[in-house]
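Some notes on the structure that comes next.
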Amino acid sequence: MQQSPTSQPLQQPSAPKQQSVHPAGYKPPPPGASPGYRPPFLRPGMQSPKGAIPISPHPGLPAETRPGFIPPQHQQHPLTRPVTQPPVISHTVRPAIVDSPIAAASTVPKEASMSPPTQHTEIHKKKRMYPEQITKAYSGEAPTSPAYASQQSYASLTAANQQPQFVSPMGIQPPYFQQQQPYVQPQISNVGYNAYGKDSVSQVTSQFGSMNMGPVAHTVSPAVPLLGARPQIADIENTGPQINLPSNISVTDSPFVNADSSYQCSTVNAVPATDSLLKKSRLPLALILTPYRSLKEEDEIVPVVRDGVIARCRRCRTYINPFVTFVEGGQRWKCNMCFLLNDVPAAFDYDNLTQQPADRWKRPELNYGCVEFVAPTEYMVRPPQAPAYVFVIDVSYSAIQSGMLATATRTILDSLERLPNDENRTRVAIVTVDSSLHFYNLHPNLNQPQMLVVSDLDDVYLPSPSDLLVNLTESIETIKILLEKLPDMFKNSVNVNNALGTGLQAAFKMLSQFGGKIICLQSTLPNTGAGALKPREDVKLLGTSKESTLLNAASPFYKTFAVDCSRSQIACDMIIFGSQYSDVATLSCVPHYTGGQTYYYPGFNASRTEDAIKFAHELSELLAEQIGLEAVIRIRASRGLRMSSFHGNFFIRSTDLLALPNVPRDQKYVVEVAIDDDLKVPTACFQTALLHTACNGERRIRVVTTCLPVVNSISELYASANQQAIMAYLGTKAVERALTSKLEDARDAIVNKLVDIMGVYKMHVLGSAQGSTPQLTSPENLKLLPLLVLGLIKHDGIRQSSQIPSDMRANAMNLLITMPIQLLIPYVYANFYSLHNLPPEAGEFSEKGVIFPPILNLTAENLEVHGCYLLENGQNMYIWVGRNVVPQLCVDLFNVKSYEGLKGGKITLPVLNTPLNRKVNTLIGKVREKRRGGYFPTLYLVKEDGDPYLRLWFLAHLIEDRTDNIMSYQQFLQHIKDRVSSSSF
């Protein structure tokens with residue numbers, strides 16, 4: 001009878017000095033073993049069978065410093081005594097995960113990464129700076145970054161007036177609420193709770209059974225008083241609390257086992273063990289996904305597995321990841337979602353590229369929480385889709401007069417080389433639309449493109465099906481000729497009609513067999529043919545309970561069309577130019593259900609350089625985007641958890657399968673999670689799988705895995721809450737509520753959720769009795785949540801106002817739904833900087849990039865009459881200039897002699913040879929670069945006594961002040977405190 005391979009000890013190698021080609025832990029087969037024999041796989045540091053020689057990944061280290069070393073005095077302990085049969089283990093014994101990112105990174109073999117590790121720059125915590133001579137007059141011998149102050153002493157002005165000259169929407173306000181009181185120090189409470197409640201005998205037994213996987217001590221978040229103190233906005237961009245996992249929870253010590261939060265994060269960085277605990281906490285449990293985000297130079301490149309070996313659970317179809325468990329000597333692995341035992345693929349420990357055995361522990365899928373697999377043929381239902389673009393361009397009178405047609409055709413012409421075309425398979429077609437459809441024969445053998453006009457809008461057809469959608473490489477010269485001639489072909493047109501719906505149907509016919517993308521450039525409200533719309537803007541409804549009717553689609557045609565597109569793998573991007581009412585709410589239905597994007601340019605006029613530059617930049621970046629084609633997304637979670645609802649631009653094909661014909665970069669999706677069964681394990685995992693076709697024709701699977709601890713106490717749950725993710729969740733839910741009910745209901749819903757969170761924290765975490773208290777308190781990690789909620793309430797997409805056109809509000813809602821967290825934060829709470837007293841280092845380059853000045857609170861108390869400020873929210877930038885600004889600043893920054901010579905509105909800041917101008921231009925350039933290319937913020941110059949509408953638009957961003965009928969920040973806190981005191985939780 002053949003001896004079991006698992007009982008064979010490892011043999012002493014005959015030539016110790018010769019380097020083995022086998023992976024660590026390899027054991028040769030015993031004599032007479034069958035051809036299908038697979039030896040037990042021992043991970044570095046595991047205890048081998050008795051008499052075996054353990055293989056260490058650190059052969060040069062002394063024995064006592066090697067991972068897995070057991071001191072002699074403990075070698076006879078029952079848990080460490082060698083056995084003749086390798087035990088079936090759930091987690092292997094190895095050194096604990098290193099807390100320091102730098103030290104942890106050093107424990108991962110260099111070969112384990114297919115790209116250099118991320119260089120995480122330390123977050124620069126900027127303190128507010130108050131220069132001693134903030135009002136000192138500008139002079140030639142000023143420091144590198146001079147302080148521009150009023151021409152007379154600011155101290156004397158203050159003494160004469162007995163109060164600072166602040167600019168505010170309501171005139172001069174009294175000093176900040178309780179400004180004279182010092183900032184209240186956080187009260188640290190109850191430090192030392194562990195992650196899973198108090199220890200018990202049963203728990204200790206369970207921990208022994210899990211082989212050294214004991215609890216992690218959590219620190220309860222300090223309590224922070226909010227009333228009377230300005231919000232500490234320097235922390236607004238900090239990511240959520242650290243994820244504290246039990247030691248040895250992952251199979252490797254890589255610091256990247258959890259996916260970066262920019263790909264996937266949760267509203268709480270710990271999962272409640274029961275549904276009752278979740279309901280008691282009133283905290284939302286949801287995932288914020290941006291699985292296909294763009295990368296910056298310093299970001300870690302997503303590693304790609306190209307050997308075709310994809311290990312998945314047989315039952316729940318989870319992809320193998322760093323949080324699985326290898327058992328039975330490494331021959332099988334236990335799924336971390338459903339706990340089923342699965343066989344390790346035969347090629348998992350073999351490198352097909354080098355044709356040699358490979359080290360299992362260096363595989364990317366065991367070291368990285370975000371990894372991409374090149375999918376084999378079984379993941380394809382047809383050959384990979386080639387990129388295909390159909391441009392549907394409005395050529396009506398409005399499009400010509402605004403300059404949209406000329407700017408669009410020039411930008412497309414300049415961007416043809418930027419279209420994804422790695423394999424020379426990309427196809428392109430152009431359709432122009434007014435009251436008729438104009439097709440173009442772009443066959444490469446033609447010297448000139450041929451126009452084919454179809455005037456019958458009731459029964460659309462393709463006049464020359466084979467020559468309309470052509471190969472870009474083969475027909476590029478013909479396409480260029482057409483784009484150069486299009487503006488002249490329609491320059492004398494006075495046709496004011498537009499048959500957009502019919503044009504979309506024609507584009508669908510071109511792409512239905514292959515799939516692809518429709519890029520629609522629309523300047524006129526569609527008023528003829530299929531999907532014709534009527535102007536419905538009614539200013540009497542703005543700011544009323546009936547305003548939501550203007551924010552819902554006016555016609556079912558566009559949603560029905562979008563669903564048909566999704567089934568045929570066709571996406572649509574809608575680019576809308578709003579010289580008049582455009583019904584953004586209706587037209588944006590098509591991108592919403594096809595995974596596309598909506599761009600809106602109100603009052604576009606190409607004769608303004610700023611308008612033309614913004615549109616050209618954003619269209620060029622859109623065309624150059626490395627999109628994912630014919631994609632589906634599925635989110636899996638640990639047993640007991642269920643994805644309950646989904647929000648974003650996609651179509652739900654089944655209960656949990658999201659269909660996206662196109663996956664654009666940097667688009668956010670929100671997924672709510674429900675707890676169906678109690679979680680009796682120390683951790684819970686979420687895994688997002690994005691199956692898509694890359695532009696180069698490869699079918700790929702991007703897998704994003706996040707592991708979170710399971711907690712049983714409400715205090716630990718609150719200590720793990722992520723205020724940024726909660727804000728993103730609330731913004732999405734508010735938009736959904738506004739569209740299904742009323743805007744007022746949307747605002748009330750997010751305020752009620754904030755009251756619930758603050759009330760439960762007071763009652764069940766701090767243990768305060770019900771009733772009035774002198775202070776409103778939040779945990780440290782949620783101290784800015786009230787500010788972010790106030791920002792949502794005052795955001796253009798949700799706030800109470802009769803001055804926001806419905807097109808602009810609908811566009812703002814689209815951005816709230818789709819923006820990733822990194823862009824959403826400044827969009828809700830803008831960045832605000834002082835320019836007249838820049839620190840010497842501001843605007844200069846350092847090893848970490850451009851140095852920004854200290855960020856200011858969004859309150860008019862920071863506006864001085866002689867000051868100059870920059871405010872940016874990712875969509876627009878504003879330079880505010882006070883009426884008493886120093887003339888020299890106007891010369892140095894704008895090349896204008898005085899304040900009176902400044903002209904408000906959209907501007908391009910000149911490039912001058914002055915330190916101030918160079919610094920400000922550097923800051924503006926960096927702001928535009930940080931928006932990841934998708935958006936190009938327009939710069940506005942706002943004079944204190946200039947255009948009232950522009951001035952009001954700027955001051956609306958100062959959300960800490962009272963605006964219109966919406967409370968200031970301190971009033972809002974007092975309102976929340978009163979609600980908390982009068983409610984029961």
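Note that Cβ sites are derived from N, Cα and C of the backbone, with glycine treated the same way.
Copied over from TrEMBL, here are the features:
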COMPBIAS  1-14  compositional bias 'Low complexity'
COMPBIAS  26-42  compositional bias 'Pro residues'
DOMAIN    310-347  domain 'Zinc finger Sec23/Sec24-type'
DOMAIN    384-621  domain 'Sec23/Sec24 trunk'
DOMAIN    628-711  domain 'Sec23/Sec24 beta-sandwich'
DOMAIN    722-825  domain 'Sec23/Sec24 helical'
DOMAIN    853-923  domain 'Gelsolin-like'
REGION    1-83  region 'Disordered'
REGION    106-125  region 'Disordered'
Result, the domain 'Sec23/Sec24 trunk' (384-621) in contact with the domain 'Sec23/Sec24 helical' (722-825) (3+ CB pairs under 8 Å):
yes
If contact means at least 3 Cβ pairs within less than 8 Å, sequence distance 6 or more, would you call the domain 'Gelsolin-like' (853-923) and the domain 'Sec23/Sec24 trunk' (384-621) in contact?
yes
Tally the residues of the domain 'Sec23/Sec24 beta-sandwich' (628-711) by DSSP class, grouping H, G and I as helix, E and B as strand, and everything else as coil.
0 helix, 57 strand, 27 coil
DSSP says what for the domain 'Gelsolin-like' (853-923): how many helix, strand, coil residues?
23 helix, 14 strand, 34 coil
What average pLDDT is reported by the model for the domain 'Sec23/Sec24 trunk' (384-621)?
95
For the domain 'Zinc finger Sec23/Sec24-type' (310-347), residues assigned helix / strand / coil by DSSP:
5 helix, 11 strand, 22 coil
Write out how many residues of the domain 'Sec23/Sec24 helical' (722-825) are helix, how many strand and how many coil, based on DSSP.
71 helix, 3 strand, 30 coil
